[in-house]
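S.K.: One structure, as structure tokens, below. Some questions next.
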Amino acid sequence: MLTITAIKAFNDNYIWVLQQQPHTQVYVVDPGDASVVIDYLEANQLTLAGILLTHHHNDHTGGVAELQAYSQNRLTVYGPDNEKIEGITHPLNATAQPRFILDYMSGELQVLDVPGHTAGHIAYVIADALFCGDTLFSAGCGRLFEGTPAQMLNSLQQLAQLPADTRVYCAHEYTLSNLKFALAVNPNNRALQDYNERAVALRRQDKATIPSTIALERAINPFLRASDTEIVDSIKQHFSDLNHANLDELGGFTLLRQWKDNF
């Protein structure tokens, strides 16, 4: 059985730990902070087998060097082949090698190209779990630091096509702030209203809202629903000074991301 555990880091990061029972060797996804990972490993008598990186930002990669030094064995470090990240031992290209096997894990690991937040951002799928870094958040998506709106929209559409029961393990607890924006642009979405109530209750108890699911995100995430009638109307009203005669899905998505950036 694959177990996935969250380690909290910094203000709102999640470092995900993957363990295939009964093995005591584990993998971590995007370890920005080595100290919390080491504490978790030692508290649970686990050995770090490898690291999975989604993109180059320091809050996702900052712990790699220390974890390599800490490990008694040479760590296998996977990451995108077209981003400059120190410590990667196995650069990945989703086109050349879309699937491979991890030691101590059952089943294949799938690699997806999801540029937008950064130019070389990748995501991983194993079993029914998606590790999407800063591409897809619950009720939101990542800022476009390097990629284009077209790239991000394509990446999100690719993720939205995964099976509905796929669990979404993003890298940040941004859900409540994302929901405020989602409700502003899609206020009459009952599924969104219900999810907001559940998420608020979870956070009041200091519980994670992650993982989400692809089914839930399809229903409530405005960035997966940029062509929804109410969302389009909200975009047109917010950007009332623009000519929306030929507003297509990409144009709507671009304006939606711009709106969120300044929300």
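From the backbone N, Cα and C atoms, a Cβ is placed for every residue, glycine too.
Sharing the features that Swiss-Prot gives for it:
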BINDING   His55, His57, His117, Asp134  Zn(2+) 1 binding site
BINDING   Asp59, His60, Asp134, His172  Zn(2+) 2 binding site
S.K.: Could you tell me which of these binding-site residues, Asp59, Asp134, has the fewest other Cβ atoms within 10 Å of its Cβ?
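M.R.: Looking at the binding-site residues Asp59, Asp134, the Cβ with the fewest others within 10 Å is that of Asp59.
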S.K.: Run through His55, His57, His117, Asp134 for me and report the binding-site residues whose CA is within 10 Å of the CA of His172 (Zn(2+) 2 binding site), in sequence order.
M.R.: Asp134
S.K.: What does DSSP call Asp134 (Zn(2+) 1 binding site) in the simple three-state scheme?
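M.R.: The three-state answer is coil.
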S.K.: Using the recorded Zn(2+) 1 site (His55, His57, His117, Asp134) as reference, state which further residues of the same chain have their Cβ within 8 Å of the centre of those residues' Cβ atoms, listed in sequence order.
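M.R.: Result: Thr54, His56, His60, Thr118, His121, Gly133, Thr135, Gly142, Phe145, Ala171.
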S.K.: Measure from the Cβ of His172 (Zn(2+) 2 binding site) and count the other Cβ atoms within 10 Å, all protein chains considered.
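M.R.: Looking across every protein chain shown, the total is 20.
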S.K.: Given the Zn(2+) 2 site residues Asp59, His60, Asp134, His172, which other residues of that chain have a Cβ within 8 Å of the mean position of their Cβ atoms, reported in sequence order?
M.R.: Asn13, Asp30, Gly32, His55, His57, Gly133, Ala171
S.K.: List the same-chain residues at least 6 positions away in sequence whose Cβ sits under 8 Å from the Cβ of His55 (Zn(2+) 1 binding site), in sequence order, or say none.
M.R.: Pro80, Glu83, His117, Thr118, Gly120, His121, Ile122, Gly133, Asp134
S.K.: Neighbour count, 10 Å Cβ-Cβ cut-off, for His57 (Zn(2+) 1 binding site): what number do you get?
M.R.: 21
S.K.: Give the sequence-ordered list of residues that share a chain with His60 (Zn(2+) 2 binding site), lie 6 or more positions from it, and have CB atoms under 8 Å from its CB.
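M.R.: Result: Asn13, Asp30, Pro31, Gly32, Leu53, Thr54, Gly133, Asp134, Ala171.
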